[in-house]
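Features as listed in Swiss-Prot:
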{"type": "BINDING", "residues": "Gly40, Glu60", "note": "Mg(2+) binding site"}
{"type": "DOMAIN", "residues": "6-112", "note": "domain 'Nudix hydrolase'"}
{"type": "MOTIF", "residues": "41-62", "note": "motif 'Nudix box'"}
Amino acid sequence: MMDKKKLHIAAGVICDKHNNVFIAQRPLKSHMGGFWEFPGGKLEDNETPEQALLRELQEEIGIDVTQCTLLDTVAHDFPDRHITLSFFLVTEWKNELTEKKGSCRVGHLLCL
């Protein structure tokens, strides 16, 4: 039996002052393409989950996070991989939310 690929992902639950939450749709050709998710990405070597979150949100949606708090870390086994997800509540940032080409199909602020 082959070992499953192991990934650690940092994701941001981006909540504005009006309690709107930003979600993004995964590119159709990616793993789980078309699904909706909180933006973020994989940790690089020697990177903490918070460092990965800050880097990924800048790369994917153009924001510089100034305030975030770890909400929870959960693990899930898919048939082909083991994923650890670290979720952060993001409440303050600089710059406007901008969908960068290739990072997501579309993003939306949803009212809770």
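Cβ coordinates come from backbone N, Cα and C, glycine included.
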Assigned conformation of Glu60 (Mg(2+) binding site) - DSSP reduced to three states: helix
Lowest local Cβ density among Gly40, Glu60, which the record lists as binding-site residues, within 10 Å: Glu60
